[in-house]
């Protein structure tokens, strides 16, 4: 049996009279197929013990002995130059670095730095931590990503989603947050080393949209208390709004007025980069027009920093001897954080009266408290990071494994300077890209700017109103609510809305880790349902000599959830037609032992009523599974020979 040129792995093979044939797969491997005739007048061949499909299988002992050489080959491959350049991407672009790259990175790094400083201060409040911790996690990761990052547009640092997850996991205890940063980075690094980046494939687009939209609403709700100057607590959306309603009568007019004005100004400033003075083509603009357009773009991009400076100035102007016209973020420790190992326990703390305000927690207690967040946060961090890489990849492939390694090492390094978990932020990534960043080296200038802020500007952070930071967060996360995906999802496939809406509702009502697990679980159920209910195309065909037969074509592999359903359908059509049945296995690319057992039962069903059942275009891999279960079946790879077999079997009444 020699293979003809075709698109499938084994489509139509001309059957010859010889008793031994060769099957050549796409990979070039050769299989020996020993075929005795079914009948002297009937071409084709039987399955089971009458022929064996071999592929030079090794014995168990030989496979065990091959482990050592395999391991040595893997170790040798790790030390290859190609792998080194792949896992340390800076070696690829640094030798080609030029002055244009340096200028682009400088402008982008400073611009992102002006964005990350106010965001870091604001995100700290989402995480329930003092403002300084946001800055602590915003510079070391930038330096590490320069060496290991594969995407020029990713700015490492705190994000809104990571901050909210940190708050739900750590409840404002900084020791837990720093340890969470270390463990998150360690898990991300291990996932990268073991190539587990594929896990994000289990988070579908609808689930991701539902999760992001719910998180955006929760973050927005968490900032309402600072916007109105009231006190409110709660982890879930419902708890937060219940607490807000209970204390809304204590709204501070000054905070509310400043907060709402800041939101309106920020939304208007967001439109400035879209305004163009002069001709649309930059080449046709005069020098003055270019300066005006660049200035509008810079003001719009640095809007968060401008709002912080202006509102901080207002807060300082109205501050008198401890009297605060607005609720301010308070004192931020000056200087860089001390470099030390992350805390592996939480010490007991007492107030002046000896009352315990914080109980001692061992490392085991901390691990138990963090729970599933140790898996959820790394996955969400990878999702955020990959979203940036894909958005600005320009068609290039994204290396999820390398990104896991980069953000993992960055988080481990951040934990040694008291940072909490972070990743690449899409909003800052857009600023980075629009600023003309050329390489990951732009992170150097962003990190330096954060260091300068910690060294010289922390005394002035005291006067920044909390309402202004709340306005910055609200004006940013309101655009993360992905309403725009509902309409195309409805048009494309309406059932995709079910896991998306379920994830959205679950994340609002339950802790976030349970919410996203609900979405992933529903997605898996949908996948299993489709796997268990394959489509079977039915055609009634006629041989050239006029013998009718039924051609049934399943559209996917045979695995245990679907085989009983397939058997019942085939039996149903076979009983109804009472003519020979041919199963076209062109699309059956895999099978398991349960499927083989059920197919064996199906063959016996047809034999019991003396009805012919044949197989067409069976893949070698599926044949191996059927052989292992000792199935007695007939398979063909050519329509001419199939027609002849049906005609002869029909004429001679050869049993199936």
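Even glycines carry a Cβ here, placed using N, Cα and C.
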TrEMBL feature transmembrane segment, matched against 498-529, 530-561, 562-593, 594-625, maps to 498-529
Here TrEMBL annotates transmembrane segment, and of 127-148, 149-170, 215-236 the range meant is 127-148
Of the ranges 442-462, 631-651, the one TrEMBL annotates as transmembrane segment is 442-462
Of the ranges 330-347, 348-365, 366-383, the one TrEMBL annotates as transmembrane segment is 366-383
Highest Cβ pair tally under 8 Å against the transmembrane segment (256-275), stretches 177-200, 442-462, 468-486, lands on 468-486
Residues outside the transmembrane segment (296-319) whose C-beta sits under 8 Å from one of its C-beta atoms, at least 6 past its ends, are 111, 114-115, 117-119, 121, 258, 262, 265-266, 269-273, 275, 277, 325-326, 328, 431, 434-435, 460-461, 463-465, 467-469, 471-472
When counting C-beta pairs under 8 angstroms to the transmembrane segment (102-121), the leading stretch of 127-148, 468-486, 498-529 is 127-148
For the transmembrane segment (366-383), the distant same-chain contacts (Cβ-Cβ under 8 Å, at least six residues beyond its ends) come to 161-162, 165-166, 168-170, 175-176, 179-180, 183-184, 187-188, 191, 197, 199-200, 203, 208, 211, 344-346, 400, 403-404, 407-408, 411, 421-423, 512-513, 516-517
Taking DSSP helix as H, G and I and strand as E and B, the domain 'STAS' (581-649) has 36 helix, 12 strand, 21 coil
On the domain 'STAS' (581-649), the mean of the pLDDT values is 83
